[in-house]
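Trainee: Feature table excerpt (TrEMBL):
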DOMAIN    46-225  domain 'DUF7702'
TRANSMEM  20-39  transmembrane segment
TRANSMEM  46-67  transmembrane segment
TRANSMEM  87-106  transmembrane segment
TRANSMEM  127-144  transmembrane segment
TRANSMEM  164-184  transmembrane segment
TRANSMEM  205-225  transmembrane segment
TRANSMEM  237-257  transmembrane segment
Amino acid sequence: MSSSNGKIDYAREVFGIHTIAGAAIFAVLYAFLLPYYIFRAFRNPTYVLIILSLFCAIRVTAFVMRATLAGSVGAGSDLSLCIGESIVYSVGFFGLLYSTYTLVLDREILSGRVPSNPISRITSNRHLIRIALVAAVALGITGATEYSSSNLSSQNTGNTLRKASAIIFLVVTALLAVHTLFLVRFGGAEIRHGSQRASVGSSHGIHVLFVIIVLLLIREIYLTITVGKTLKEAEWYPLAALTELLAVFLFSVPGLVPNKRDVMATQQQQLEKDPEATELA
């Protein structure tokens with residue numbers, strides 16, 4: 001659909017952004033979660049809680065931008081603003097996925113379990129996973145920029161880069177799901193550190209984390225399949241936006257995020273026993 005003055009409404013025609021209500025509701029929900037995670041991060045300044053706070057702030061920004069694009073033809077016809085919203089939304093997922101990944105490894109450290117299978121050894125390499133995720137973000141940003149070009153060749157290149165970015169995110173998420181499944185199946189579901197109080201999160205946290213990862217996997221499968229297509233909000237909200245929100249809610253399970261001092265102390269003990277067993281992040 002084009003506006004009355006002949007401008008193309010990119011938000012609707014290219015990015016599938018139509019409704020204000022959905023974006024506004026998600027912006028409000030993340031706005032409520034933001035102070036909660038800031039408070040938790042202040043009390044227990046772990047990487048996971050700090051990044052979750054940042055993720056909520058990014059999501060508030062992204063959904064406010066989305067509501068603006070849906071509610072204003074003038075904003076919707078601004079291709080740069082549409083691309084900006086897409087980039088802000090995509091970059092935020094890096095933090096959520098890496099927070100989940102970090103928490104899985106932290107809990108594995110506290111359980112005293114050492115990675116013993118090839119997949120777990122690969123996914124336990126934090127530097128490798130960081131490089132892969134940074135590459136995915138870089139490809140996604142470059143792809144979005146190229147995709148906005150009026151040149152057909154640049155658009156095709158942009159679409160290819162965006163697909164590569166989505167595939168990397170999907171592969172990392174799938175590997176993390178397999179890693180977590182090994183922990184669920186063969187042990188590592190329970191934190192055994194003495195200072196950790198008994199709670200749902202401390203005793204069944206790895207199961208909660210597996211649910212979180214499955215939600216993120218659903219998101220990535222959907223977004224990978226739909227790369228290069230105009231998204232349908234009836235699918236996008238439940239399969240992409242809602243899965244993320246539910247994952248963020250699950251991080252609030254009591255005892256799920258361990259104390260930073262406990263993780264560092266246990267990690268140091270393992271390094272003293274075997275310098276190659278655990279990699280310091």
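Just so you know, the numbers here start at 1 and follow the chain as drawn.
Cβ from N, Cα, C; glycine included.
Heads up, TrEMBL stuff is auto-annotated, nobody curated it.
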Trainee: Averaging the per-residue pLDDT over the domain 'DUF7702' (46-225), what integer do you get?
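Mentor: Value for the domain 'DUF7702' (46-225), mean pLDDT as a whole number: 85.
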Trainee: Between the transmembrane segment (205-225) and the transmembrane segment (46-67), are there three or more C-beta pairs closer than 8 Å, counting only pairs 6 or more apart along the chain?
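Mentor: Contact absent: fewer than 3 Cβ pairs fall under 8 Å.
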